[in-house]
Amino acid sequence: MSTWANLGLQDSASPLMEQLIFFHDHALLILVMITILVGYLMFMLFFNSYINRFLLHGQLIEMIWTILPAIILLFIAMPSLRLLYLLDEINEPSITLKSIGHQWYWSYEYSDFNDIEFDSYMIPTNELSNDGFRLLDVDNRIVLPMNSQIRILVTAADVIHSWTIPALGVKVDGTPGRLNQTNFFINRPGLFYGQCSEICGANHSFMPIVIESVPVNFFIKWIASKVNS
């Protein structure tokens, strides 16, 4: 999901998203180098007046085009596998959030506190404030502390949904009857937008996600106000 005047990925707001961006750039560099090499070989082929005596059989070139791609694939596979394991790791979360997908809104529960749960609906365009984002703003934002390890549990009440925040590098399927989990670490304050990323019916495009990342002391005050209300 792109942001204003952005031709690439969103600015990362978590260490895992930074790693994903580094891997994207790493893989893209390899692809560019392969494209340049193949383009150069094809270009030179048109202007080559030499005749290859080993056109039908050449052991050296066959070894090269077998071993070289295998080495290149290793350079892509190793960082990819490392990232896959990092994304699956849960490191002593400070707080657990449960997200339930419905047609077509999200419900949230703060599992560490009693009776803190709410539904989050998209704000219709005709009710949107001047500084709001069309199809992205919600009536109830998720408030989470920055610089804290956060675990999220995702499920669904009806059909398959997908809870996604691109700036955090998080995408978790919400499957009815199952609990999927992942973790993330927000390293800066701000608003982070996402959307359901699994086609779930007529209003699939109208169930956005908004996270408000705040310092821990502001989060504690917010929790206290919710408990007392």
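Here the Cβ of each residue, glycine as well, is placed from N, Cα and C on the backbone.
Annotated topological domain 'Mitochondrial intermembrane' per Swiss-Prot: 1-26, 83-229, in sequence order. Annotation source Swiss-Prot lists transmembrane segment at 27-48, 63-82. Swiss-Prot lists 49-62 with the feature topological domain 'Mitochondrial matrix', giving sequence analysis as the kind of evidence. Annotation comment: Swiss-Prot describes His161, Cys196, Cys200, Met207 as Cu cation A1 binding site, evidence class similarity to another entry. Annotation source Swiss-Prot lists Cu cation A2 binding site at Cys196, Glu198, Cys200, His204. Marked as Mg(2+) binding site by Swiss-Prot: Glu198.
Distribution of Swiss-Prot features across the structure.
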residue : record                    : DSSP (3 states)
His161  : Cu cation A1 binding site : strand
Cys196  : Cu cation A1 binding site : strand
His204  : Cu cation A2 binding site : helix
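Tertiary neighbourhood of the transmembrane segment (27-48): same-chain residues 72, 75-76, selected by CB-CB distance under 8 Å and a gap of 6+ residues from either end. Of the recorded residues, Met207 (Cu cation A1 binding site) and Glu198 (Cu cation A2 binding site) place their C-alpha atoms 11 Å from one another. When Cβ-Cβ distances below 8 Å are used as the criterion, the topological domain 'Mitochondrial intermembrane' (1-26) is approached by residues 76, 79-80, 83, 86-87, 164, 166-170, 184-188, 190, 192-195, 213 of the same chain, each at least six residues removed from its ends. There are 17 other Cβ atoms within 10 Å of the Cβ belonging to Glu198 (Cu cation A2 binding site).
Within 8 Å of the Cβ centroid of the Cu cation A2 site, not counting the listed residues Cys196, Glu198, Cys200, His204, the chain contributes Gly101, Trp104, Val159, Ile160, His161, Ser162, Ser197, Ile199, Gly201, Met207. Cys200 (Cu cation A1 binding site): 21 other CB atoms within 10 A of its CB, across all protein chains. When the binding-site residues His161, His204 are scored by other C-beta atoms within 10 Å, His161 scores highest. Each of Gly101, Gln103, Trp104, Trp106, Ala156, Ser162, Gly174, Gln195, Ser197, Glu198, Gly201, His204 belongs to the same chain as His161, Cys196, Cys200, Met207, is absent from that list, and has a C-beta within 8 angstroms of the C-beta centroid marking the Cu cation A1 site.
Remark: secondary structure over the topological domain 'Mitochondrial intermembrane' (83-229) totals 28 helix, 63 strand, 56 coil, with classes taken from DSSP. Sequence-distant neighbours of Cys196 (Cu cation A1 binding site): residues of the same chain at least 6 apart with a C-beta under 8 Å from its C-beta are Gly101, Trp104, His161, Ser162, Trp163, Thr164, His204, Met207, Pro208, Ile209.
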